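Inspection log for the structure reproduced underneath, given as structure tokens.
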Amino acid sequence: MLDSVALRYYRMLRIPVAISRKYHILYLILFPLIIIADTYPAIISHHIELAELVELTLLHIASMALLLLSLKVGVGYMKFRQIANTILFLVAPGVPLEFISSPLKVYGIIYAVIPVIGIIALINLVGYYKGIAYTITLPFLIQILFALKDSLQFITILRFVVVALLFLLSYSFINSIKKYADINVFEISNAWVKFMFTGNNAEFEEMLDKMGEEHDLSIKILLFDRDSDGIALVAPTIHFGPYRMLGSTYFPYTLESALKAHSIKAFVLHGAGSHELNLAKKVYGDYLAKEISQKLAEARLHINSNSEQLYEPFRVFSSLREALCLYTESSAFLIISSPVMGGDDLPYELQLEAEKIAGIYGFKDVAIIDAHNVEGKRELQIHSFEPLIKAALSERSSVCRELKVGYGEEDVAESVKGICTRRVKALAIECNKSLYALIYLYGNNARPGVREMLRKIALMRGFRDAELVTLDDHTCAGIVFDTPYYTIELSDALMKSVDRALAKSLHDLRPAKVKVQHYKFNMRVAGSKIFRLLEIATEISSAILRYLKIVIPMLYISWVAITILIKVFVL
């Protein structure tokens, strides 16, 4: 979603909330470091005055208390620990300035740099106008405290000039971001930061809902109805994002849980489409899960209605892509992989094109399923997939005169990079004495080699063919610094779990009837503006990082020059 530069900026914004209690040592380090910065010249010269040490300590305590209480009043949703983390984040760039200026007996300059990062952070925390007010008021008040120790009026004036210049520079930069007039950047960032700090998604989702659009969503289901339970392959045209608990990220889990209550085991598959098909709000996903589970439970009760024949699964190839095909009399379910080049998020237009082609070959319906099983670049050109779709829909296989279906599930014994939920699921289909498997992982794509190895495990178990699919799980996205998410990596624990899940699915083989269900819902999704928002996020974050890379080094260089000039011409 975001490039690497933008990603680092948004991870940086998470630092204050990410610092947990076990890192409280940082507070214990920062405050003594500030005191050392102010007193090291006296320590070196062996002229330490206890009264001055106490006075400086009290001034810094008062300054920290002012910041802490002001932010607590302004940002009520943050805990004191999170506010303390934020203060640490704001004043840390000023530590070198305190070391530079203390030989001149100029103290408290560490707080003069608050506008540099503060104007960005505080606007995100408390909103635009309140953030501006905090950014200028707090450092000025603190400089008034430390001005009481100034021996020269020139130094006092310099303090306020530094704060004013840094504020004006930062304010000018922030105002330049207002060129993105079509989207309220500050309103969205404020809601986003609140979500990051509190986990409350209401305000941010309200922003997504306002930007979003109405869309007809399609949920296509291949149901294997057994005597005591059902197994469902669910292919919705819903993207499971953006991440964590927002939008439709958690929808697959909610749907699984809702279907489980009706004795239906679900494989929620990734249809065609990307973040434009994220549900705008989590509650929309909760509603859909309830509706789908009730409708599917009713379909199971009608024993003979809508039953169809399943045909032998088969695989077709076209250039660098392939598809595992599951057919009934009326519908086709095509699980598409790109094992050579990899891929990401098949375009939604491919689903629409496939529906046009399906009618030519006598199918009432078709579901495009993105296996999402080898990481790679996203292909947006529909014509690249057309030969594969035509090859899949034009081929026919034999009817499954003897059909059994089995389900297997196994927990993964240890953490595996890229796995969001440590669980593996397997579907076994026995058609005319031949075995076919679907291996399901809770992750977002997989490293090259993972698919081949897991398919090999299935083939060694006696399966004629097998496919790996991942959920495109975004529940664990956005939690690391260097990448939006980790793709699944191979491990012994994962391979053992897959093998056990496959074994359980074979042991669970039982006769099943086949039913195809197709539900439609009109819901609000993120829409195309989500990509505009991502573009803006990338542009703004890149600009902020460039700004910080220029301003902070220039600030240090300028302050060194100023202190030298003061030493030579003033003191």
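Easy rule for this one: first residue shown is 1, then count along the chain.
In case you wondered, yes, glycine gets a Cβ from its N, Cα and C as well.
The domain 'DUF2070' annotation in TrEMBL covers 22-556.
Taken from TrEMBL, the feature transmembrane segment covers 25-44 (among others).
Annotated transmembrane segment per TrEMBL: 50-71 (among others), in sequence order.
Proximity of distant same-chain residues to the transmembrane segment (83-100), defined by a Cβ-Cβ separation under 8 Å and at least 6 residues beyond the stretch ends, is recorded for 15-17, 19, 26-27, 30, 33-34, 37-38, 40, 64, 67-68, 71-72, 75, 107-114, 116-118, 121, 125, 552, 555-556, 559-560, 563. Per TrEMBL, the feature transmembrane segment maps to 83-100 (among others).
Sequence-distant contacts of the transmembrane segment (106-125) (same chain, six or more residues past either end, CB-CB distance under 8 Å): 13, 16, 34, 37-38, 56, 59-60, 63, 71, 74-75, 78, 86, 89-91, 93-95, 97-98, 131-132, 134-136, 138-139, 142-143, 145-146, 149-150, 155, 158-159, 162-163, 166-167, 169-171, 174, 186, 189-190, 192-193, 544, 548, 551-552, 555, 559, 563. Annotated transmembrane segment per TrEMBL: 106-125 (among others), in sequence order.
Within its own chain, the transmembrane segment (132-148) has Cβ neighbours under 8 Å at 59, 62-63, 66-67, 70-71, 74, 107-108, 111-112, 114-115, 118-119, 122-123, 126, 155-156, 159-160, 163, 167, 170-171, counting only residues six or more beyond its boundaries. Sequence annotations record features per position, and here TrEMBL assigns transmembrane segment to 132-148 (among others).
Under the heading transmembrane segment, TrEMBL lists 154-174 (among others).
The feature transmembrane segment is assigned by TrEMBL to 550-570 (among others).
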What else in the chain is close to the transmembrane segment (550-570), if you only count residues 6 or more beyond its ends and a Cβ gap under 8 Å?
93, 96-97, 100-101, 103-104, 106, 109, 113, 116, 152, 154-155, 158, 166, 169-170
Looking only at residues six or more beyond either end of the transmembrane segment (154-174), which have a C-beta under 8 A from one in the stretch?
104, 106, 108-109, 112-113, 115-116, 118-120, 123, 132, 135-136, 139-140, 143, 146-147, 543, 547, 551, 555, 562, 566, 570
Over the span of the domain 'DUF2070' (22-556), how high is the average pLDDT in this prediction?
90
